[in-house]
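What follows is a short report on a single structure.
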Amino acid sequence: MNKKMNMQDSPMQPVTTFSEIFRYGFGGATLNIIYFVYASYVIFFWTDYALVPAAAAGVIYSLGRVFCAITDPIAGIISDRTNTRFGKYRPYLMVTTPVVVILFFLLFTNFEISATAKVALYSIIYIVFCINYELQTVTYEAQVPSMSSDLSKRNFVVMSRQVLGTGFGYSAMALVPIFLKAFGDDEKGWHITIGIFAAAAFLCMLLSLSGSKKHDLPMPRQDKKQEKGYLKEDLKKVLTTKPLLLLIASFGCVILAFEVISATNIYVFKYAVGNEAAFSVVSFATLPAAIAGAFLTPFLVAKFGKKQIFILAGIMSLIKPMIFLLFDPFDSMTVLIILYMIQQYFQVTMIVTVWTMVADCVEYVALTKNVYSAGLATSCNTFMLNFGGIVAGLAVGGLLTLAGYTGADMASSATINGIIWINAGIPGAAFLIACIVLKFYTVNNRILQELGANIGKQVVK
């Protein structure tokens, strides 16, 4: 009888230490330093420094995310079938990390070429960056199930990734204007600023690789003909798993909201608030709320349930968009800080909860359909992350153009109102849809306990 091996199909899974969990989390710092900076500033840099038209910048951003979305399933499938002496997923991180940090630096370089050539060059750099960043993300996140077979400890693996990722990511985002003020608000200042973050991201990934080394183990090889035969069947089984589909749909909505908020926050502070530097103040002030969300979520989901916490966080995330749309809070820094603290806390709570649920879905598929595919399941989630980015890029670029945005230092009241509606209206609708979709998610505590009891066993096909 042919056997497909569950994720823990080894004579004995190594015991996971808290030092390893902590070090693994630094990979989240790598991903978030890069993601938070480019998601928050790259369109702004292209429009206000490189003088790329807003619509073109939005198209470039979305085009790169299309290639990310294409890369997702390929990365998941290939990494699931990789077996090397360095592990299943770590080899990809070793290769992609230096490529990503170099391209990250080039994204914030103002090339002295024609406008058409500039658009073409940014498109190429961003597409290659997105492909490598996505392979890096999928293979990093796919390690979560293998880090521990203990369901509660696995929640802390995700917490480590999110706490460190959130802390480093939001700090990097907040430090950009401060560094630019210190090093110069010009090309040299951007180079120094991005260079610092690129180096930090690279070092964090090296530390993360040391934490997962003992756990990212190759699995017994299957006959290649059998493996090819399994692929089509595995894809069908994984992609028809209702809880996973509901989860990734909800996550896509959350990411759409996050991407739109991230891409337009700097515009809100520059034009609606009238103080671009205030964005750093608010970002730092709300950082504790974001870290608290990442830290407390594992305890809250253990007590109240993952679906329940996700839906509650989604509803609470509607507070800031509603106040932005119905009132005029932009003259009060205190009110803005409170609103952004609420947003950061509950948004991070939703994201942490989703990633713990992805690991659960991996085990759910293994238990109910005899398929283990951490890479593929993870890539489904990151696919929706990129789908949200595609929609956000097109929406932000297109709607800024429709609102009359030209990249000038001054903006009309109609343009400012348009920026506010983009920043609040789209995210508000996306959060609401995410809650409605996840209402039908069916993996409950009883099933999770059953999954935990079956981790480490062979699944016979």
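Heads up, the Cβ atoms here are built off N, Cα and C, so glycines get one too.
What TrEMBL records for 21-44 (among others) is transmembrane segment.
Cβ atoms under 8 Å from those of the transmembrane segment (50-71) belong to residues 42-43, 110-111, 115, 118-119, 122-123, 126-127, 129-131, 133-135, 138, 263, 382-383, 385-387, 389-398, 400-401, 405-407 of the same chain, restricted to positions at least 6 beyond its ends. The transmembrane segment annotation in TrEMBL covers 50-71 (among others).
If you look at the transmembrane segment (92-113), the same-chain residues 6 or more away from its ends with a CB under 8 A from one of its CBs are 27, 30, 34, 37-38, 41-42, 45, 49-50, 75, 79, 82, 86, 121-122, 125-126, 128-129, 132-133, 135-136, 139-140, 187, 190-191, 193-195, 197-199, 201-202, 205, 208-209. Positions annotated as transmembrane segment by TrEMBL: 92-113 (among others).
Feature annotation from TrEMBL assigns transmembrane segment to 119-142 (among others). The list of residues near the transmembrane segment (119-142) in space but at least 6 beyond its ends in sequence, with Cβ under 8 angstroms from a Cβ of it, reads 27-28, 30-31, 34-35, 42, 46, 50, 52, 56, 60-61, 63-65, 67-68, 71-72, 75-76, 79-80, 88-90, 92-93, 96-97, 99-100, 103-104, 106-107, 111, 113, 208, 355, 358, 374-375, 378-379, 381-382, 385-386.
Sequence annotations record features per position, and here TrEMBL assigns transmembrane segment to 163-183 (among others). Within the chain, the transmembrane segment (163-183) has long-range Cβ neighbours (under 8 A, six or more residues past its boundaries) at 25-26, 28-29, 31-33, 35-37, 40-41, 189-190, 192-193, 196-197, 200, 204, 262, 276-277, 279-280, 283-284, 286-287, 290-291, 293-295, 344, 348.
The transmembrane segment annotation in TrEMBL covers 189-209 (among others).
Feature annotation from TrEMBL assigns transmembrane segment to 244-269 (among others). A Cβ distance under 8 Å defines the sequence-distant neighbours of the transmembrane segment (244-269), meaning residues of its chain 6+ beyond its ends; these are 36, 39-41, 43-44, 61, 173, 238, 275-276, 278-279, 282, 310, 314, 317, 330, 343, 347, 350-351, 354, 357-358, 361, 364-365, 377, 380-381, 383-385, 387-389, 391-393, 395-396, 400, 405, 419-420, 422-423, 426-428, 430-431, 433-435, 437-438, 440-441.
Annotated transmembrane segment per TrEMBL: 281-302 (among others), in sequence order. Same-chain residues lying 6+ beyond the ends of the transmembrane segment (281-302) with a Cβ under 8 Å from its Cβ atoms: 152, 155-156, 158-159, 162-163, 165-167, 170-171, 173-174, 269, 309, 333, 336-337, 340-349, 352-353, 356.
Within its own chain, the transmembrane segment (309-327) has Cβ neighbours under 8 Å at 250, 254, 257, 297, 300-301, 339-340, 342-343, 346-347, 349-350, 353-354, 357, 420-421, 423-425, 427-428, 431-432, 434-435, 438-439, counting only residues six or more beyond its boundaries. Annotation source TrEMBL lists transmembrane segment at 309-327 (among others).
Using a Cβ-Cβ cut-off under 8 Å and counting only residues 6 or more beyond its ends in the same chain, the transmembrane segment (333-362) has close neighbours at 7, 141, 144-145, 151, 154-155, 158-159, 161-162, 166, 170, 241, 243-244, 247, 250-251, 254, 257-258, 261, 273, 278, 281-283, 285-287, 289-290, 292-294, 296-298, 300-301, 306, 309-310, 313-314, 316-317, 319-320, 323-324, 372-374, 377-378, 381, 434, 441, 443, 448, 451. According to TrEMBL, the feature transmembrane segment maps to 333-362 (among others).
As annotated by TrEMBL, transmembrane segment applies to 383-406 (among others). When Cβ-Cβ distances below 8 Å are used as the criterion, the transmembrane segment (383-406) is approached by residues 39, 43, 47, 53-62, 65-66, 68-69, 72-73, 130, 134, 137, 248-249, 251-260, 263-264, 267, 412, 414-415, 417-419, 421-422, 426 of the same chain, each at least six residues removed from its ends.
Sequence annotations record features per position, and here TrEMBL assigns transmembrane segment to 418-441 (among others).
Long-range neighbours of the transmembrane segment (189-209) within the same chain, counting only residues 6 or more positions beyond its ends whose Cβ lies under 8 Å from a Cβ of the stretch, are 23-30, 33-34, 37, 45, 49, 90, 93-94, 97-98, 100-102, 104-105, 107-110, 140, 164, 168, 172, 175-176, 179-180, 182-183.
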